[in-house]
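Taken from TrEMBL as is:
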- 333-336, 356-365, Glu382, 418-419: S-adenosyl-L-methionine binding site (BINDING)
- 26-46: compositional bias 'Polar residues' (COMPBIAS)
- 77-91: compositional bias 'Low complexity' (COMPBIAS)
- 112-122: compositional bias 'Acidic residues' (COMPBIAS)
- 206-528: domain 'DOT1' (DOMAIN)
- 16-146: region 'Disordered' (REGION)
Amino acid sequence: MFGNVKKPVKPVVIRKVSVARPTDQPAPSGNVQRRPLPTQTSSSAKNGVVKVKDAVRRAGSAPASGLLSVKRRQDSKTASPSPSLSPSRRSSGSHKRKAPDPSATPDFGSSSEEESSGDEAADGSRKRMRPTPRTGTVEPDMKRVVLDDDALKSDGELQEEEKSIHGHDLTVGKFKEYQKYMSATGEDDGKAAIAELQYPSKCKKERFQLVLPTDPADYNPVEDIIESIVQICREYFPEKQAEFLTDEITGYPRRFRKAYRERSGPQFLAALEDFNAFITKSVNDDTIPNFLRTRHNLPLSLVERILSQVYARTVSPQVSILKQYENGTDDVYGELLPRFVHQIFLDTNLRSDQVFVDLGSGVGNVVLQAALEIGCESWGIERMPNPSGLAAKQVAEFVPRCKRWALKPGKATVLQGDFLQSLEIDEVLRRADVILVNNQAFTPALNGALTMKFLDLKDGCKIVSLRSFLPENWQIRERNLQDPRNLLISNLKKEYFSGSVSWTDQGGNYYVATKDVSKLEAFSKRQQEMREAEKQLNGDHEK
């Protein structure tokens, strides 16, 4: 196994055994069914691949269990019948979303991991507030290409954006869920105005209805337009020009917010016509393309804005199906939120030329965030059919959505299957640089089976988990020499803060381990030297 151990040291061999998903748990309920997923491959273009596979192999007669690690959490914003957007408000990039029933989020307050330490339980009992704001941008990656040149082709050559779902499609005909907010004439004619937004590319405009949701948790098309305009003005132009475009007196956002507050359709449409003409000019005269060519990273606020659009058009309309899991098994529901995921990228120094894998990827939020924010090759695998089906839909929308924004993400691939049994994910793991596994609610048996996968990881691969794979004060001993956990070093215990995960508003701990055989080799060498010294000593005594 460790061919680089120099003689005369006898190499330590850790035997790899075939592992099936542990069966020491209840079988999933009837809600977790195996069924084919809808095919989404028609929307996967150069920058995205959708693969929907059922790679689950049953162990004996017991059904395999899985995990759902991520689902975007419902924002807790509220809205009044006549909402207003404060001029000082900074767009977070997130939309109000239709949330599932509260029962869709399990209680992760108690761990199933037998070796969890008492101090972790104490830590989890208090709400951890972030002491200081953190940076919202990863370090520039000079290998990262942000601009998608294909988005600058002429209208006749661009067809990818037509596969994108328009905001208009989410509201049209839904008279109970939405009420007219602005008319095109300003008169009470009973018809909601239709608006079209030009993104910073040569893709065709996106259509919206200027309506207001009756439920503040539902998709709000007017906020979608305004928050997108804020991000375009702030992130697609040189600093001085961006300051002018977002100025409280001269900027575009002020005009839209004023029209929104006054419910003036004519004002809103006039401002949008001016904005669209300005963006078209800035694309055609290369102002926007040239600026994007100088960028080698993307701010989190822009990433959240785009991912929020994707989620609202794919997951939100069907979010209720994510309730179908069974507490007490590995099929549970929980999400790492974007700012926490961003911090993980910083902790692991993930770069655009690397490979990221999310084991138990749910609806694919983290997979898409890695592909867009970092620009890396990004993979996810999810066993449960409902979330994995929505993940496929997200990827199908993600590719043309990024093109609208003229951004080039890394290739995103989502699979349906059991990560313990998938041969395809095994191949990817051998190349992986960063692996994320939300094992917060994993059974000890599943955590143990997962460690066998670490044998095939390359040295230097980082494993991020919410439960440590190494018990506290773990030491290599002769009696545990065959344990694959000996291959993990630098098991850094880190802290996440309030607002980082979906199942609680409290903070907690997470762990960043690194695959490295050097510690095990050093121990083996010392043991060999001790045996040789003892043998030499015994020989001297016999003489």
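Heads up, the Cβ atoms here are built off N, Cα and C, so glycines get one too.
Keep in mind that what you see is a predicted model, and the values were worked out from it rather than measured.
DSSP assigns Ser361 (S-adenosyl-L-methionine binding site) to coil in the three-state reduction, outside any helix or strand. Taking the domain 'DOT1' (206-528) as a whole, pLDDT averages 90 in the prediction. Each of the binding-site residues Asp358, Asp418 was scored by other CB atoms within 10 A of its CB, and the lowest score goes to Asp418. Neighbour density for Leu336 (S-adenosyl-L-methionine binding site): within 10 A of its CB lie 29 other CB atoms from the protein chains shown.
Counted within 10 Å of its Cβ, the other Cβ atoms near Gly364 (S-adenosyl-L-methionine binding site) come to 32, all protein chains included. Look at Asp418 (S-adenosyl-L-methionine binding site): DSSP puts it in coil. In the structure as shown, the Cβ atom of Ser361 (S-adenosyl-L-methionine binding site) sits within 10 Å of 32 other Cβ atoms.
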